[in-house]
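Chemist: Straight out of TrEMBL:
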DOMAIN    73-183  domain 'PARG helical'
DOMAIN    205-411  domain 'PARG catalytic Macro'
BINDING   N237, Q251, Y292  substrate binding site
Amino acid sequence: ATPVALPTDLANWPKLKRHLEALKRIEPNPEALVKVLDDLHEEYMLNYVSPATGAGSARSFFTGLRRFIEQRMSDEQRKQFFQGLLPFLVDRVLALEAGREPLNYACQQEASVTVLSREFVSSLLSAAFLCVMPQHPKDLAISMSANGFPAFFAAIQEATPHQAEKLQCVLSYFERLQREGLPAGKLVVARSVLPSKELLTSAKLAASSRPLCRLLVEPEASMKDADTNLLHVCFGNSFLGGGVLLTGVLQEETLFVHNPELITSMLFVEAMDNNEAVYIMGYEPFSQSDGYGLKMKFTGQVRESLQPDEAGILPSRLVSMDAVPYRGFPAEQYVKQNLLRDTNKAYVAFRQSYKQCPELTASAPRGVVTGNWGCGAFGGDPQLKSLLQWLVASQLELPVLQYHKFSDSRVDRLEEVSEKLQSAKCTVGQLWKRILDYCKIASKEFEKTDSLQTELFAHLLKTA
């Protein structure tokens, strides 16, 4: 196992510590803040580039943060930021000297469970926020998410107003902790790997006589309002968090800024392979927003009264599963090997197998909350994706699949299709065969006209 390096492991930690402590004493103006942060960052970069090559950049990463403080904060908020929040962030980073917990990289093809106290998580996130988390090791760097906020701050510009909204969400987390004290309990991150012998094959699916499980269709409600006792799907990037520390603002990024403890996973979880999913449990939301994508608007801090279990873990559980981008190549999703890739990705995500974690394995698998997975920017067919996810939930005999349509008219007839299939006592095997039949039709249509003429739901309703 490769341990994750902390700021306290850096050769020049004593000097970094002096720069950090200077943040607690600066005069309360954004110019002074940028100056100290620039000095801190320059000292930090000496671990990676020699002074001769020039560690400093002409333009500070932190001008976006300065703009935010000047334009978005009231005098009272500014005072609170400099006198309360900044010293709190520094103290959380300094706490790493005494309060270290074992933390290793969760690498590809190795099932693992990482349990961290939420107190330690607050130190890791403070270090990431102040841009002093050591860079990932060279051999892992290419398959790791960003682990600091420099690019995030640099992107707070007039042209990207949603970036300031994201920052407001992240600050809600630090503000509540500073105001009310550190959270109790644990954050759990589990990497699940499906061994090749357990992968679903077309033959295995076709032979399944399991009945279709309960499907509950939610026309408009947001997934974040769904029951916390269900497993929530995060339509993720293979790199956890996607572009949350860049300019990204889709479902995954929004989820990560509402629940900033999720960002912790980016510090040590390697990108997912096709046969992997990542579960995160025990986090909580600290903020909320309206609008989707670039129209996102922070609407305030939020508090949910979640009760931890005996192990000190809050009930919230999500699983991150990445979709394949079919935009530009829509015909590809109807090819059998891609169908199986998407089916197995949902299978490893929904099966809730937490190797080496007894307190999690004891409970029965939860129902799953999902929606149009990979059907926006990635160009997936929501009719196909909804039925593949239902088929997998049924194969796993889950109690329920709660499907959120997000007012997408393409899945308007999902309930009608599900009622028809269930009244015909359709099994997993029968549904799989019918999906395969349909995919042959779809592939032929793409060959002939380069477009899809027959929709999956219409095909099933006609032939059911």
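Keep in mind that glycine also has a Cβ here, set from the backbone N, Cα and C atoms.
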Chemist: Around N237 (substrate binding site), how many other C-beta atoms are within 10 angstroms of its C-beta?
Modeler: 22
Chemist: Please work out the helix, strand and coil residue numbers for the domain 'PARG helical' (73-183) from the DSSP assignment.
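Modeler: The breakdown for the domain 'PARG helical' (73-183) reads 64 helix, 8 strand, 39 coil.
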Chemist: Would you identify the secondary structure of Y292 (substrate binding site) according to DSSP, in three states?
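Modeler: Coil, per DSSP.
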Chemist: Which whole number is the mean pLDDT over the domain 'PARG catalytic Macro' (205-411)?
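Modeler: Value for the domain 'PARG catalytic Macro' (205-411), mean pLDDT as a whole number: 93.
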Chemist: Let me check the 10 A CB neighbour count of Y292 (substrate binding site). How many other CB atoms are there?
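Modeler: For Y292 (substrate binding site), the count of other Cβ atoms within 10 Å is 14.
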Chemist: Among N237, Q251, Y292, which the record lists as binding substrate, how far apart in Å are the two most distant Cα atoms?
Modeler: 17
Chemist: State the three-class DSSP label for Q251 (substrate binding site), counting H, G and I as helix, E and B as strand, and everything else as coil.
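Modeler: Looking at the DSSP assignment, Q251 (substrate binding site) belongs to a helix.
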Chemist: List every residue in the same chain as Q251 (substrate binding site), at least 6 positions away in sequence, whose Cβ is under 8 Å from its Cβ.
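Modeler: In sequence order, the residues whose Cβ lies under 8 Å from that of Q251 (substrate binding site) (at least 6 apart) are C234, F235.
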